[in-house]
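Chemist: Take a look at this one; I'll ask things after.
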Ligand SMILES: O=C(O)C1=C[C@@H](OP(=O)(O)O)[C@@H](O)[C@H](O)C1
Ligand SMILES: C=C(OP(=O)(O)O)C(=O)O
């Protein structure tokens, strides 16, 4: 067996009962970053304690925000964040290390662009391979500079200052791109608008008003009018639907299972995976129970479904399931017929090339999966038998670690996962949570 391998054994019993999942990663990043930009002390609770959110916390501390968050009994972080406010971020002595987190670095580019400082942003070996031009290009149109000139990957030094507003037609549906431009636009005089080819998650548009900054938004467009200085706010972070998706898919695959996941964000831009599972014939449903600010939350219920069928997911629905495609691909591998995910080229530039990883992993299961252009096809195999002794490599990617672990957890034989610890990026307690549901 190779080093750093975790043996993932089949769940002892069907999954049953209720659980909660840790705070939403996207909302947690924004709670930390927007509070750091604000004037005064914001109160945040339910914040996800994971490696990625720690990258955002470390970054804003290095830039002068005071963060006093404490670990709560439920594992979340809560407390106060005093922002740099109208004085702006301070010049850090060292490069700011964003770890594995694309959201941290890309949002920071927009946050730093208006200020007259020079900040070098870097990250781990995965983040240093991911494309940054999609963010630097619109910010350069607004007047920011990035050195070395023409560089597409980290490390990159932001030279901010004096921005003008921008109307930008984004080449891809990306909430990170949209957010970076809107955050920079808050410090330009006039209206900054981002138009998208398909709707991406809208947490920024929903959360900025909690910090006193008005936004306007349509299905594929969002605007902010500057100058607008955020003021201290209060944010309660609901559970992460992207984490819930692993538990829901496990319940769909494991015979006799029936679970409820409580207090999870039901933002429609995030629960596309429920719709995809429904279209595969899976027994899943949602029930609204409340709202945290403008973010709705509630219960996701999922039950074992023996007779899944393949479905087609059109291009305009992909942004709404972008982080769930690996685990949905695994569910599709158990369905009758072909599943097609249209236009999923963005998966090539996540923590790893997730498109290649899905095809490789499914090939180990003897399932045919292939790409035609940017469309992903999976030919399902109902009654799929998993061979003994399989080893999957997470490639350091948290979503892949959890996806391939479901092969062992919901099946009849253990699997080995290389670098399973990658789950610390978004869902450190994943294995405990899923095993608790099967006691
Ligand atoms: O804005 C966000 O919080 C995120 C946006 C998505 O990335 P893109 O904007 O690159 O699609 C998503 O994959 C990522 O996990 C979080
Ligand atoms: C792509 C992801 O995150 P990020 O872009 O923030 O690294 C993810 O969490 O799956």
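Glycine residues also receive a Cβ, built from the backbone N, Cα and C atoms like all the rest.
Where the annotation comes from TrEMBL, it is an automatic prediction and has not been curated.
What TrEMBL lists as domain 'Enolpyruvate transferase' is 13-433. Per TrEMBL, the feature 3-phosphoshikimate binding site maps to 25, 26, 30, 174, 176, 323, 350. Taken from TrEMBL, the feature phosphoenolpyruvate binding site applies to 25, 102, 130, 176, 354, 399. As annotated by TrEMBL, active site, proton acceptor applies to 323.
Tell me about the setting of these features in this model.
Modeler: When other Cβ atoms within 10 Å of the Cβ of residue 25 (3-phosphoshikimate binding site) are tallied across all protein chains shown, the result is 25.
Following the DSSP three-state reduction, the secondary structure of residue 176 (3-phosphoshikimate binding site) is helix.
In sequence order, 242, 245, 350, 399 are the residues of the chain that are 6 or more apart from residue 323 (3-phosphoshikimate binding site) and have a CB within less than 8 Å of its CB. DSSP assigns residue 323 (3-phosphoshikimate binding site) to a helix in the three-state reduction.
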Chemist: How far is it from residue 354 (phosphoenolpyruvate binding site) to residue 26 (3-phosphoshikimate binding site), counting Cα to Cα, in Å?
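Modeler: Their Cα atoms are separated by 19 Å.
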Chemist: Looking at the binding-site residues 174, 176, 399, which have a C-beta within less than 6 Å of some atom in ligand 1?
Modeler: 174, 176
Chemist: Which binding-site residues of 26, 102, 130, 174, 354 contact ligand 2 in the sense of C-beta under 6 Å?
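Modeler: Close enough to ligand 2 are 102.
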Chemist: Please give me the CB contact count at 10 A for residue 176 (3-phosphoshikimate binding site), counting all chains in the structure.
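Modeler: Residue 176 (3-phosphoshikimate binding site): 22 neighbouring Cβ atoms within 10 Å.
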Chemist: Which whole number of Å gives the largest C-alpha distance between any two of 25, 26, 30, 174, 176, 323, 350, the residues noted as binding 3-phosphoshikimate?
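Modeler: Among the residues the record ties to 3-phosphoshikimate, max Cα distance equals 19 Å.
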Chemist: Could you tell me which of these binding-site residues, 130, 354, has the fewest other Cβ atoms within 10 Å of its Cβ?
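Modeler: Minimum Cβ neighbour count within 10 Å, taken over the binding-site residues 130, 354, occurs at 130.
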